[in-house]
């Protein structure tokens, strides 16, 4: 599988490497930042994880550098998509009063498409840009940027390893001591520290070098501290002597010691070390931004929206074999397709109606073979298509194509029409008559966007039945409401004990769902039974099932069936609002009429029952957890609102997957495919067989009706492709991610890599990483988008006639089971284990880990209140007298001008929002192991989380867990009792439970009333505020009288048994 990149300049040969040179010429009209009307500027250039800087020009608003910085280009093919960051700073060492960091003077971001080849460059003045909205920047910088290709030293031919030497011989080959002092320590990484930034350079210390060549030495040069004197004379230390010239003869530029950069000691024949940035602090469990030329191209050039521009095009050679005619005598013909890299064989021919297979076979099969431009450019690259007899393996003829002449098709081009080609063979075959006839086929070069690709036999997914990409649709689900009203003419057993009322219940069953009413109330005059009870079921289209209602007499230990009726669901009326539905009487049949399947069958009459039936179209049938739901639309399409945007997902690939199965004598292997779910649409990528780094590059789109929804993407290992029908082995989960649509900025491409985490009984395990590109295409300030945030989350019927929590959980389980059964009938099927994992069917199971996570979430939510309380406590304790005095002044202003209280509060909220804009998330968040409490989870708690219901563990283990749960419940019980006691004490203030306390409280309230009538409210507020903020020297360390009074009030705790 090859990917054809798009670039402007042809890549250099493999024995060359490309260099980028940035000449920093000068800057003009810089902003003074040193407090003395000037700036001491220097320039920092960052390219491809390589950072270098120029010297500092002391107190010059128009500095001139004329310094040259060179960089290595690691990937010349994708140079057009690399970024060059140029930032200008004021050196804090030469400022007035110093500072904690260097002042920012401006920046310039230049993309690789703007680089010039050496000889075509010129000085370009770029205006300096701001880093943030609040930056004050002016001026421009002159740069000269160009690149060139440099020949590298050819590697000598590999020789067999020399014989093992003795210790004395090895000592003779060691470099002298003065050279060994320059060798780096034997570490896997070399850490370079530069201006409080840390970088890691991956150096292979196990690499062998020739005798006259040393390993690369990493040197960090720090410029000495320079203190400007009064006469503005700045002597420079002498420059170090230049190192010996290299054999390559390239230009070598030397820098004064002020140039702070990472240099690599390069003796003759030495190598450069590429410095990469250190990963984030969370390690491998945090999402990260990856470089993608497709996403970068969209972001840079601001192109108009085009389909399939989130993934890289993967070229395939398509061969469509249609049919043949006039073949030589054969029993069953098949076709072989051969290239220099692939060899495939078609299925046996199919006989057309009225014609023999010998003369006119048909195949109608498409092959998609991985293709590269180099295959077409290679001289003599051909495609051979030949027909063979399956029984005798005799050659029936063939066709040969030159790959350089195969047409290239890009959508929306129309499909290439098949053509007839004459079958050819050797001269002997032509003369003997063994080769004759024509074959109809078409050959073209396309990408994975081609409409023929999903159904084609792919070279990277040879098992067609279970490896094709597929788009699924969830079934349309309805809520079926059954209201049982009344039953009459029931044949109740007459031999009941005296004063015993019959216990009549109605049981309703729809497929695997069943529900039973409570005991019916009997009318003694008419002998009828009344219930007036609702039962709700989930029904899926096509509505082919029947609703079965059975009236049972459960007076005795063994229930007795009094009658039943069967109602086809397709005959039930649908409604989309709360309009009244009339009830109908249905005849009950005996046990002998149960096989008919329709109402009013041939069984004996056993009474009748009054029902009110309807299919509710105004509800949304929840098959997902509410907090990760991807769709909130009602079932009835008439109630749908127009979409507000389009969600585009590009599934690029995965990296570093762990082996999931063993093949060929124990070799680890993974056959991964990806499933994405949003709304009613499910997508499945093709399966990449036997690969730990699969590349899919498939793109899908969904219509978005509500931005507050979640996209779920999961990765699975394909097991069904190797098992037969009898041995239906489930696919293994590798991991999943969720992306909330509301966290995506409008029309912005996010190309990120997310870790695939799976919680196993042994603990949290990282299974690899998935790379996706996602974009939410919609106008950012569209009125419909803004109005969606003010609308109810669920449809109207959920608030008019709400469903209970327990009822919703039961209905959600039934809906999940129906969706899983529906998708399991597709080809290729989506297994129930895949559907349940994507829908979080087990999210409501008990877990001590989740309970701890929810507790810490509550603590995190209340953290702002705790912080505010601590801040107020510090104010009233005068920890910072200046701040306390300012709070006094602010309090006086707000009390004297109360109209400013509400505007000030809202202004404070606005300032908080603006302040936190700096810390906004740059990429959509993935799974958080710290929030999930999965880092240090107890093994016994994990074992309890994976335990089934009922438990399958030993009795002593269950007893220990029950005791632990009781201890936890005691804490919760104590906290609930404390909350109840505080509320009861508030009620006891006026309930006269404690007569003396109530008299004191009433007297105090009367005194406060008189004071508030006599004294102005502002004076009272100032007095109370100053009393609360009084100095600690006027404060008693013991609790206040009011708090002591409240704690002495009675509660109902002493009345508990």
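Backbone N, Cα and C atoms are what each Cβ position is placed from, and that goes for glycine too.
When TrEMBL is compared with the stretches 801-818, 819-836, 837-854, 855-872, the one noted as transmembrane segment is 855-872. Of the candidate ranges 82-116, 117-151, 152-186, TrEMBL annotates residues 152-186 with the feature region 'Disordered'. TrEMBL lists transmembrane segment at one of the ranges 714-747, 748-781, 884-917, namely 884-917. Residues 1000-1029 are the range that TrEMBL records as transmembrane segment, among 970-999, 1000-1029. Through the fold, the transmembrane segment (855-872) approaches residues 931, 933 of its own chain, all at least 6 residues removed from its boundaries and within a Cβ separation under 8 Å. Broken down by DSSP into helix, strand and coil, the domain 'C2' (458-586) contains 7 helix, 65 strand, 57 coil. Per-class residue totals from DSSP over the domain 'C2' (1-125), listed helix then strand then coil: 12 helix, 57 strand, 56 coil. Broken down by DSSP into helix, strand and coil, the domain 'C2' (628-754) contains 10 helix, 63 strand, 54 coil.
For the domain 'C2' (298-421), the model's average pLDDT works out to 78.
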